[in-house]
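Participant: Below are the structure tokens for one structure; questions will follow.
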Amino acid sequence: MFSRVHSTLARRTRCALHSHFLSTNLARLPSVSERPAALPLIAQAIRPSSSFPAARGPTAFQRPLSSARLLASHPASTSSAHSQQLQPFSSSTAPATPAPAPTAAPSLDMSAVVKDHSSQSNFHELRVVHSSYELDVDFERRVLEGYVELDAVAQVPAPSQLVLDTRDLSITAVHLLPLPLPGEQQGQEQGHPAADPVPLEFNLGERHKVLGSPLVIRLPPALAPSLQQPGGRVRVALRFATCPSSSALQWLSPQQTAGGSHPYLFTQCQAIHARALVPCQDSPGAKMSYDAVVRVPYPLTALMSAVPREEAGQGQGQGEQPDVPHLASVQHPYPTRTFAFMQKVPIAPYLVALAVGELESRELGPRTRVWSEPSMVEAGAHEFADTGSYLEAGEAIAGEYVWGRYDLLLLPPSFPYGGMENPCLTFVTPTLLAGDRSLTNVVAHEIAHSWTGNLVTNASWEHFWLNEGFTVFLERKIVGRLRGPAAFHFHAAQGALTLEAELARLGPDHPHTALVPDLSGGVDPDDVFSSIPYEKGFYFLFYLQELVGGPEVFDPFLSAYISAHRHRTLTSGQFRDFFLNYFKDVPASRTVDWDTWLYAPGPPPATNTYDTSLAQAAYDLASKWHTCDVIGLGSDGPPGASPADVSGWSSEQLVAFLKRLGQLRAPQPMHKRTTARLAELYGIYESKNTEIRFAFFKLAIPAKDEAAMSAASDMLRSQGRMKFLRPLYRALFSQGGPVGRQLALDTFAAAGASYHPIAQKMVAADLGL
């Protein structure tokens, strides 16, 4: 197991060294490089209340660029750049499917620039606003060959270089592309000879183990007149390829898929893995639109976080013209086909997503469908049938849904998250397939991201709670709108239990328990990931809601907040200012201790009260099981315990019972005889609901329940969702005794290679490997 993990790390190191070797003829550049307190326990809140393959050949560029086209740009404007429609430009070789004009990204407000410690790019000086991709998927080599044209707009006077984020990418060519003359549309020559791209000098800087290597592209002095003022534009093309062990990509063999006949590929770019997929300005603050043409082996299907355009052609290996013209040198001995996409709404680079596999779809509604492998698509259509209702409820609360389609992609079990809010195409885990639609609140969460996270975005990963805390809040608002206020409070109370458990695990003084952690010095955002931004963020927003007068007052504020910041990014300080201005006539709004809420580690500085009426029966049953084995000597359960105790309960209530019992038993684990009896009476091992089994395993592993530990190991081998992986591995390793510790190591040795690279890294760290 140890050698397996480290062989993966070694492969990544070899990729990095090979990538850097490709640029040995270039000079190396150096890297571009708020208090704890005794606070009330959240438990008080739970009470009732009323080696790198080189690219196969760069595109040939021959003729010099005419000076007229080199200097052509839209007139500099003193107004914000988002008032202009940025047209995609074509080089001398036109793409197979002309791209419509993308929606321009909003300009960067230089008065509100925040340093993104997780990016080495210079988007605050020269910002990419649109990217046009050509991608070729090579399953045999486990490489994406790529070509991208970047449209960038100056944010400051006279930027001299464009700096992009990369990690383990091979960059084989960088060229300056012509801009259209004033009044000229894409594809029009207006009597001018076609101008060819001009090679540009570029350097891959020193590789940082977390941030990767900055790609510094020097701009020629001839461009200076067109970039003298903010709003001046430049267009650059790059030829690149990924590394086989790219942290953004998971390649699955046919044996790892449900169908067993075809390979599968999917991406996961959050938080800072987009730079391992494409050269980009990998910061949430660098929003851009994009279009793409993707070539895949026939008969596979490609999907992206964008709206599909008409299929760009279906090659049959009979000498057709290439439909990714800048990748014409990349040839395959098998038939291929291509798919075209357009994302007009500006998005952060971490939301660029791609999936390729044997995929089918089922319509769920006029703007929703589910995609999956053929053997799972019907189950997905059943499970996610209510998606349209969630979407409509979200619109009623947060305003217009601007993304066009909302589709779901049910991924293979190795997907590391419950869901990923890729625009137009949410990725979801098959662990949601409970058969009774009981786990689809995850869909409500990902739908909520359509407004909070994707439309209104944290300016950097230090302000991640603005994405996730708001999204949990909106998710629960959606659930409450569909199921009633008591359902909102039920989930809020369960979230408070999750928050308390996370604070206990990390410790009250741990800096990562602050809503706004410090990520300076190259801290990996993945290492800070926890439920804190989700549940502490929600806890803060609920506190603010109650402080200013309740949902009748706060719901209009939520709508106004989203409307005011759509297509933009913001910091916690900007949220504070907007809140204080909106509620300037509410005296209570001025009593908020913002510094403690945002920057202090540990529990929140105030206590929320929730209506726990829906959870009370679960809490009462938890108390009975707790008192029947107070000191952990063993018991057959409370007097009269039977399956009738939970008859008619929803799966959510059963999870609430197990979570509450786990909270009560934290100081003293139960006896394994007691946990075995509980599992027998309530059918834990027969349940298809992963949340039920997960909650039980967290209770039974500290009891050294061998049956539970074995079942937990089976669960770890069958799926790769980090919500389950990390707590169960940690529990086995640190609370399961010698048997559990060895089982954790053996399980990871057997299953770790099947996990997503992000999950592999995090679990290995949890196990001290």
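Backbone N, Cα and C define each Cβ position, glycine as well.
Because TrEMBL annotations are produced automatically, they should be read as predictions rather than curated entries.
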Participant: With the ranges 72-106, 177-211 to choose from, which does TrEMBL describe as region 'Disordered'?
Facilitator: 72-106
Participant: Looking at the recorded positions His445, Glu446, Glu468, which ones sit with their CA no more than 10 Å from the CA of Gly419 (peptide binding site)?
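Facilitator: If one measures from the Cα of Gly419 (peptide binding site), the recorded positions that come within 10 Å are His445, Glu446.
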Participant: Only counting partners 6 or more residues apart, tell me which same-chain residues put their Cβ under 8 Å from the Cβ of Gln268 (peptide binding site).
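Facilitator: Expected: Ala248, Gln250, Ala353, Phe415, Pro416, Tyr417, Met420, Phe427, His756, Ile758.
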Participant: Per the record, peptide is bound by Gln268, Cys269, Gln270, Pro416, Tyr417, Gly418, Gly419, Met420, Glu421, Arg721, Met722, Lys723: how many Å separate the farthest pair of Cα atoms?
Facilitator: 17
Participant: Near Glu421 (peptide binding site), which residues of its chain come within a Cβ-Cβ distance under 8 Å, counting only those 6 or more away in sequence?
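Facilitator: Counting only residues 6 or more apart in sequence, the Cβ neighbours of Glu421 (peptide binding site) under 8 Å are Leu351, Glu446, His449, Ser450, Gly453, Asn454, Thr471.
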Participant: Cα of Gln270 (peptide binding site) to Cα of His445 (Zn(2+) binding site): how many Å, rounded?
Facilitator: 16
Participant: Would you mind reading off the Cα separation of His445 (Zn(2+) binding site) from Met722 (peptide binding site), to the nearest angstrom?
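Facilitator: For His445 (Zn(2+) binding site) versus Met722 (peptide binding site), the Cα atoms are 17 Å apart.
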Participant: Other than His445, His449, Glu468, which residues of the chain come within 8 Å of the Zn(2+) site, judged by Cβ distance to the Cβ centroid of those residues?
Facilitator: Gly419, Glu421, Glu446, Ala448, Thr452, Gly453, Asn467, Thr471, Val472, Leu474, Glu475, Tyr534
